[in-house]
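Take a look at the structure below.
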Amino acid sequence: MDSSVAAGDLFIVAGGNCGMRNSSLQVQCSNDDDDKTVFKHGIKQFRTGWADGPAYVTQCPIQPGQSYVYNFTVNGQRGTLLWHAHILWLRVTVHGAIVIIPKLGLPYPFPKPHKEVVVLLGEWWKLDVEAVIDAAMESGLAPDVSDAYTINGHPGLISNCLGQGGFNLDVEPGKTYMLRIINAALNEELFFKIAGHKFTVVEVDAVYVKPFITDTILVAPGQTTNALLTMDRGTGNYLVAVSPFMDSPIMVDNKTAIATLHYTGTLASTGTVLTIPPPRNATPVATKFTDSLRSLNSKTYPCRVPLNVDHSLLFTISLGLNPCATCRNGFRVVADINNVTFATPVISLLNSHFFNITGVFTDDFPGNPPTPYNYTGKQPVNLSTMIGTRVYRLGYNSRVQVVLQDTGMMALENHPIHLHGFNFFVVGRGLGNFNPEEDSKKFNLVDPVERNTVQVPSGGWVAIRFTADNPGVWFLHCHLEVHTTWGLKMAFLVDNGEGPNESLLPPPNDLPKC
């Protein structure tokens, strides 16, 4: 999909039954078959949590034959985000781009590109993905990996798909383009590379960063990256390659999706300049990219990282095994935060919070692991977890630090963690177990990157900070859909502040009912 951006407040590169009205910022979604919700990933939804989208967290699903208007305001944000279904595995195909244009008269903090192009990365299965995950849940084991990756809907030439052409991006020599790269894949972090060219990264997750040059971009599910690309080769065809990053002994779809960067005026007989994608376990490539990200922190775009915190939390990210009499091996693979596997309620958390409905959730989510241990070393023998619908309560305007710690339960693994309702600042990252006395001294409180989804490194930790200035119930979860399905999720409940401007708005009349 080649999308040239024109002036305006907001548009969604989309299809299906969702449409955007620019002036009123309303997204109306109708439903013809399965239960659905639509999540505007990265939109902060200040006081409008009813429009956020995760099923049974901020709304009940839209039932077949019904519709729901997501009414919200985009305030103080610009850049590239995405929208997608937020129930079951439907986001594999129900997704698209959100591009928020800067206000009129406010230029980019970099030279204006000749053209802007949305590059939407995805995954594709030969089978119905709901059948794939249903079979996995029945067996208690991991689901089958995907059969291909896609670039704007095209996998390119891969085995058993002869005749399937790839995406072609036609460019003019000497011009600079801005690629708005979005990872809409379900379960894989992806490398993005173009033969013979380098990128200048200028934005991630709709927040400007200090520009830096790289030949490889890493983007996790739910993340976005804007990069400038100058056509300095004069002529030719150049391979675009998308391949997985996984530095743990876990099965992935180890194929490469391809597209072609085509200079106008290139002769039809000209071959394609190839490139070699990074190895799938190229941790140094991934780390170099991640460590290069810094907030712009200019007068116009300051970095407002909390310097002090009111809540200092340690969340362990783990897999586990719970007994299952009907499963193939007598157990089911699960996932958890602080040993709590999230149980999906039967009505939405936000609805039960707003109307004070008891018995739906408890506000006793543990702020630290119930039983500390050597998280990245020798693991406990007992791999079972607690199951519950538990939230962590925050006062309005609380300053929060969360250290997300990977563990070796089952396997050390990289986890992209997404927080709804807020951006956060990534103030620290490291390998091994987080040491609060030593590691806190190395935190970057000057220009840490600001984003909404962050990778927890395999066998390591990442520290984030945010200000809880948005009342409501806000989901925190792994953006690997298989881990979300297994229960690697929780929610923050942010109380109202003082007065109506610091309080959650009442629900709309057409809010879907369970």
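Every residue, even glycine, has its Cβ placed from backbone N, Cα and C.
TrEMBL labels come from automatic prediction, so no person has curated them.
Taken from TrEMBL, the feature domain 'Plastocyanin-like' covers 22-102, 116-265, 365-497.
Under DSSP, the residues of the domain 'Plastocyanin-like' (116-265) split into helix, strand and coil as follows: 11 helix, 73 strand, 66 coil. Across the domain 'Plastocyanin-like' (365-497), DSSP classifies residues as 13 helix, 58 strand, 62 coil. Per-residue pLDDT, averaged along the domain 'Plastocyanin-like' (365-497), amounts to 97 for this model. According to DSSP, the domain 'Plastocyanin-like' (22-102) comprises 6 helix, 31 strand, 44 coil.
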